[in-house]
Amino acid sequence: MEDFVRQCFNPMIVELAEKTMKEYGENPKIETNKFAAICTHMEVCFMYSDFHFINERGESIIIEPGDSNALLKHRFEIIEGRDRNMAWTVVNSICNTTGVGKPRFLPDLYDYKEDRFIKIGVTRREVHIYYLEKANKIKSEETHIHIFSFTGEEMATKADYTLDEESRARIKTRLFTIRQEMASRGLWDSFVSPREAKRQLKKDLKSKGQCEGLLTKVSHQTSQVSTTLEPMWMDSSRMATLRASFPKCLEK
């Protein structure tokens, strides 16, 4: 799974996911399913934001890569992918500037057009179940929730999907492609089932002679990938800003 993640996702997303896991004391080489899930979630958040701007009349517009957007404001502020302290700094700054209420939990994005925080979810389960879990945890009408699944389903607060249909279709297509690529490499079942992931992890580590002292609580697998899945296009300037938001000590 680790090799698949490194070949499937944009290198900057992989780097941010590694830093995020290390920030919480997690090892992406062992907890590979979580590594894949974090990369997927980050990519969806960035795809949600990419190409969306606000013009001088306050209208939301879409600008494709290569078109001039120097004088336009990004519609979405990306919070996901920053280290925790920086993320809360951004949230506090937005709250002070806009007057919106401060969320209890870190959101993933802020929508300057609708003046609301957004929590993005990507689930391997039923979308309505995952949506209810998120809603019960957040318990705030000020944070908008938008859930995507790997099967093309989605669910959002008050059925308000924020983005146009084409933008959402890009995200759904990407998630479906990731699922298909995982399945073709025999990785999907363990990605969905913690029990299967735990069994596969033990098997893989044993074959590498790394099973000594392994905590059986770990529920993620490591596997090998030989082919490459095309990484998505990324807004490099915004990604560079996110990379810079992590303290240098996390590089160790």
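Quick reminder: no glycine exception, Cβ is built from N, Cα and C everywhere.
For Glu80 (active site), the same-chain residues that are 6 or more apart in sequence and have a Cβ closer than 8 Å to its Cβ are His41, Met42, Cys45, Ala87, Asp108, Leu109, Ile120. Per Swiss-Prot, the feature active site maps to Glu80 (among others).
For Asp108 (among others), the entry in Swiss-Prot reads active site, with the evidence type similarity to another entry. In the three-state DSSP classification, Asp108 (active site) falls within coil.
Look at Swiss-Prot and you will find Arg195 (among others) tagged as site 'Important for efficient shutoff activity and nuclear localization'.
Annotation source Swiss-Prot lists site 'Important for efficient shutoff activity and nuclear localization' at Lys198 (among others), citing similarity to another entry.
For Arg199 (among others), the entry in Swiss-Prot reads site 'Important for efficient shutoff activity and nuclear localization'.
If you look up Swiss-Prot, you'll see Lys202 (among others) marked as site 'Important for efficient shutoff activity', on the strength of similarity to another entry.
Positions annotated as site 'Important for efficient shutoff activity' by Swiss-Prot, on the basis of similarity to another entry: Lys203 (among others).
Here Swiss-Prot flags Lys206 (among others) as site 'Important for efficient shutoff activity'.
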